[in-house]
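As recorded in TrEMBL:
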type	residues	note
REPEAT	77-111	repeat 'PPR'
REPEAT	178-212	repeat 'PPR'
REPEAT	281-315	repeat 'PPR'
REPEAT	351-381	repeat 'PPR'
REPEAT	382-416	repeat 'PPR'
DOMAIN	598-692	domain 'DYW'
Amino acid sequence: MIRLLFPIWSGRQRLANLLRYCSKNSLLDQGVQVHAASLRMGFGFDLMLSNDLIEMYSKCGVMDTASLVFDRMTERNVVSWTALMCGHLQNGNARATLSLFFQMVFSCLKPNEYTFSTNFKACGILNVPEIGMKIHGMCVLTGFETVPVVGNSIVDMYSKCGRINEAVMMFNVLPVKNLISWNTMLAGYTLAGQGEKALLWFHRMLENGEIPDEYTLTTVLKTCSRLGKIREGSMIHGFLITSGFPCSGKAAIAGSLIDLYVKCGNLAEARRVFNQIGEQNVISWSALILGYAQEGNLAEAIELFKQLQNNSKQVDGFVLSSMMGVFADFALVEQGKQMHAYAVKVPSGSEISVSNSIVDMYLKCGLLDEAERLFNEMPARNVVSWTVMITGYGKHGIGKEAIRLFNQMQSNNIEPDGVTYLATLSACSHSGLIKEGEEYFSQLCRNRWVKPGIEHYACMVDLLGRDGRLKEAKDLIENMPLKPTVGIWQTLLSACRVHGNLQLGKEVGQNLLTLDGENPVNYVMISNIYAEAGYWKEYEQVREMAKAKGLRKEAGRSWVEIDKVVQFFYGGDDTHPMIDKIHQVLKEMERRMKEEMGYVHGVKFALRDIDEESKVESLRVHSEKLAIGLALCHGGWDEARVIRVFKNLRICGDCHDFIKCLSKIVKVVFVVRDANRFHQFKDGLCSCRDYW
């Protein structure tokens, strides 16, 4: 540890220099020594040194002490207030920043340009444009709007709050436009999901004579990735090469190029760029690893990760979290456990983001007890930690535990954000906690800092729809202050299907096709509601409309891990080498279920106007049944054990009934994770209580 020796002080300036050195290098222990020395020397109430102490403690993450220094000051200036605001912002407490700002204004002290820019950042983080507009008004009155750092911060604030039109208006009136101004608008369009406009803005920048920097190029390449614009991205790649831009030495750009080619399905080019990089760093490694994983090539992704470890590169928290996310999405519990063991051994493994990812991985793999244990052992938790656990409880159908955790989180002075409210409302919906869901939605609507978004309204539509209150759900959509999306109408259509309300379903279906007539999911949902009502002519018409447009829905697939190898199945799959044995086992299970429980197939879920025998055959080859059949072939069904199956779509009603009955006649517990939630089948019952 570095030790600072204190000779006889020549003056307060030397103390200030030492504090600034400690602040710059995050030397808390040494900073405390300087603090003690300043007190001994009679500088305890010195304004300049107190300001430096606030900054030092803030940079070292000790905000309680920074606030204590501030509170004990007998004199404060704008630097004092701004230093503490910056400290809170840097340590993730944007609300405290804004609270201090208004306290300062009420104390009749005038903000400076850094005070304004700091608070505009806070408004952007919290997504509170109303407060940002008030502060903007103060800038106009005091003349700070024309200061570049403030003007750019205003543009950034409006962009991050989704007010892109206001951001453009502010940009246009900036008296001085620098590269930061252009980059801020470029990022704003990207954040707003207006990728095409972001690319036009990039061309406008070049036409205006602006020379793009690393941030510009990284942003525009990410935009090309999201839009799948490989041609435009390749042109930018060519521009980098012809202009001599050292992209191989710029980690962020190299990583963005790899990500571009990966997202556009050109892994060969991504690998070529990776191999051309002079010195591969963690960013480029992670981009390629995640690319292979997202393409479903898990073997290559894991092999690359091993190479990364063997290359003696310092694996950072982002890579660990990302890899953990891959294992979570595919429910690869064995690989997840290995990654957990590795994370324990490296410094970055102790980062809170990594701990959150590990908890999330165990939850998504169905290991609730393990996730709870890790969550309880975490030395520090942030809002993400709590939200991950609340989401997990909700997906597992344990709504009351999710509510308990939400209340405990607030008792621990952790303020929920919009995602936390969404997780809690979703948990209420999955568990049928209607009254509680309405109460938390009302609480959200009254919240000063967090405003309900379209996802929160969709949760309420789902909650009301599941309870059969379809008219209330429709009224909520039509009267909410936000424009209805495809997703929220799909939620209502699902409720219409569950409750057999064909008339409202037809109306909602028309809204869906008007909003998005190119989405195959909409046609599938509409045709299914006709099929369940027995309107086969209308069913075929909707299917023909989708077929004429060349639309195909995502194929349903399920997977199960057998002896540390993941086996994938699609509906009707007959390619597995054990397919005959799988069918034999499934038929034997059906025979026993019929004899012992009177089980019959839910042929209405076949959704085809064909004979009963053909419907039964089509239901038998659903992907989740094939996965279960394979698992039963390995290990039998007379020993108590758990079989975990994972599916990319929502489980159908027939498969749900089938697995419930199956769990009654065998000693096996089945855990199925579908696109919506977890189902634990045991002794003829499901944890969802048939509410999914």
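Here the Cβ of each residue, glycine as well, is placed from N, Cα and C on the backbone.
Note: TrEMBL annotation is automatic and uncurated.
Taking the repeat 'PPR' (77-111) as a whole, pLDDT averages 94 in the prediction. Listed by sequence, the residues of this chain that lie at least six past the ends of the repeat 'PPR' (351-381) yet keep a Cβ under 8 A from its Cβ atoms are 317-318, 320-321, 324-325, 327-329, 331-333, 336, 339-340, 343, 388-389, 391-392, 395-396, 414, 644, 671, 673, 678. Here the repeat 'PPR' (77-111) has, by DSSP, the following mix of helix, strand and coil residues: 26 helix, 0 strand, 9 coil. Broken down by DSSP into helix, strand and coil, the repeat 'PPR' (281-315) contains 26 helix, 0 strand, 9 coil.
Broken down by DSSP into helix, strand and coil, the repeat 'PPR' (178-212) contains 26 helix, 0 strand, 9 coil.
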